[in-house]
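Taken verbatim from TrEMBL:
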- 45-72: domain 'C2H2-type' (DOMAIN)
- 73-100: domain 'C2H2-type' (DOMAIN)
- 101-128: domain 'C2H2-type' (DOMAIN)
- 185-212: domain 'C2H2-type' (DOMAIN)
- 213-240: domain 'C2H2-type' (DOMAIN)
- 241-268: domain 'C2H2-type' (DOMAIN)
- 269-296: domain 'C2H2-type' (DOMAIN)
- 297-324: domain 'C2H2-type' (DOMAIN)
- 325-352: domain 'C2H2-type' (DOMAIN)
- 353-380: domain 'C2H2-type' (DOMAIN)
- 381-408: domain 'C2H2-type' (DOMAIN)
- 409-434: domain 'C2H2-type' (DOMAIN)
Amino acid sequence: MEPIQIQNVEIKLKEEIEIKEEPIELSQNSYFIKHQRSQSRDKPYQCTHCDKAFSQKIDLIRHHITHTGEKPYQCSDCHKTFAHKCNLIRHMTTHSGEKPYQCTQCDKAFSKYFDLIKHQRAHTGVKPYQCTQCEKAFSKNTYLTIHQRVHSGEKPYQCTQCNKAFSHKCNLIRHLTTHTGANQYQCTQCDKAYSQNRCLIMHQRTHTGEKPFQCSQCGKAYSNSTDLTRHQRTHTGEKPYQCIQCEKAFSMNADLTKHQKIHSGEKPYQCNQCEKAFSQSSHLLIHQKTHTGEKPYQCTHCEKAFLRKITFIIHQRIHTGEKPYQCTQCDKDFSDNSAYKRHQRTHIVEKRYQCSQCDKAFSCNSYLIKHQRTHTGKKPYQCTQCEKSYLQNSHLLIHLRTHTGEKPYQCIQCEKAFSANSNLIRHQRAHFDK
């Protein structure tokens with residue numbers, strides 16, 4: 001066999017390496033082979049659980065953890081566990097409070113350099129991660145990866161107990177509890193039990209009153225770091241959790257997760273009395289009351305009772321006249337948050353997103369993108385049950401309810417339900433006109 005000639009290194013198909021000019025150590029050769037694979041896309045390390053393959057063995061080992069759920073690295077301060085050591089090291093800075101990376105355009109500082117880089121994109125508007133299948137671009141690579149699953153239909157997180165698969169890891173974790181029901185960590189002071197040790201530790205603080213996490217701006221203290229982080233956003237106004245589909249932002253990851261299910265259509269919570277499934281456990285609990293006929297929220301002013309606490313609260317404002325949502329631009333106030341938000345949009349003056357084909361301008365880039373489809377005729381949202389397609393995802397979701405029979409918008413006056421919010425608003429006017 002002829003030796004392989006690569007630049008100034010002659011590699012024979014034996015263990016020896018002949019050097020022509022510059023000496024190369026054998027250990028360096030392993031890096032050279034790794035580099036070759038990255039250039040040639042040679043991926044000899046195949047995952048046995050899915051179709052993914054890797055050029056390096058260490059990458060395969062890291063990937064395996066996504067299937068096993070193993071988290072061997074534990075924080076000594078709060079007992080959180082992590083799949084990778086680098087994630088634990090990053091997490092430890094949340095306890096020390098050290099934030100050496102300062103933004104030059106605002107007062108924010110960060111414990112990690114990469115977090116500063118990501119934050120700076122909020123000032124520059126740079127979105128370097130472009131989807132190759134549509135026009136969307138993202139400020140973070142993770143957002144692009146999740147978005148691409150919309151096109152590919154990929155659901156990499158598979159349940160080992162049944163055949164269900166999920167596009168988000170958090171949905172798989174929730175689903176797994178439906179199989180195990182295991183709550184092995186028992187509180188010694190009450191009957192509560194938990195599936196994770198860290199949850200038990202946080203719960204025990206309700207008995208001891210311990211609040212080790214203190215806000216540096218107002219002195220408030222919390223029993224866990226999550227509540228402190230959430231509270232600190234009331235000072236900063238930060239909403240770091242952004243939806244990659246519609247650009248809405250949230251101060252809490254849990255709120256983003258709930259919101260994303262609108263786009264993904266995932267419904268991991270199954271009713272055991274009928275075939276209906278829900279995106280949130282709270283929605284399942286409400287639905288189950290339709291089987292029992294239970295309406296636990298009774299109005300003290302009239303005979304009406306309600307399934308949902310929020311509809312009960314809004315209904316009570318009819319009797320009390322309370323309107324807690326006040327517009328900061330004018331003197332108008334409102335009894336429910338949705339009406340308040342709709343009103344606020346009437347004050348938005350700046351419309352910096354200009355359509356290149358007509359005179360219309362918009363306050364949000366997402367509105368411009370939707371509008372441009374009226375010129376192109378593009379209808380990217382296709383119904384999987386019939387041939388209809390739509391300009392907007394929200395229109396597709398409303399259409400899908402004609403197939404499922406779902407009517408999520410309920411009148412608080414007479415409990416009639418509707419598939420679209422606009423139909424509910426029209427219906428409610430009939431009550432107000434009486």
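Sequential numbering from 1, following the chain as shown.
Using the three backbone atoms N, Cα and C, a Cβ is placed for every residue, glycine included.
All TrEMBL annotations are machine predictions without curation.
Proximity of distant same-chain residues to the domain 'C2H2-type' (73-100), defined by a Cβ-Cβ separation under 8 Å and at least 6 residues beyond the stretch ends, is recorded for 62, 65-66, 109-112, 197-198, 201, 216, 224-225, 229. If you look at the domain 'C2H2-type' (381-408), the same-chain residues 6 or more away from its ends with a CB under 8 A from one of its CBs are 245-246, 262-263, 370, 373-374, 417-420. Here the domain 'C2H2-type' (381-408) is broken down by DSSP into helix, strand and coil counts: 12 helix, 4 strand, 12 coil.
Residues of the same chain lying 6 or more positions beyond the ends of the domain 'C2H2-type' (269-296) and with a Cβ under 8 Å from any Cβ of it are 174, 178, 258, 261-262, 305-308.
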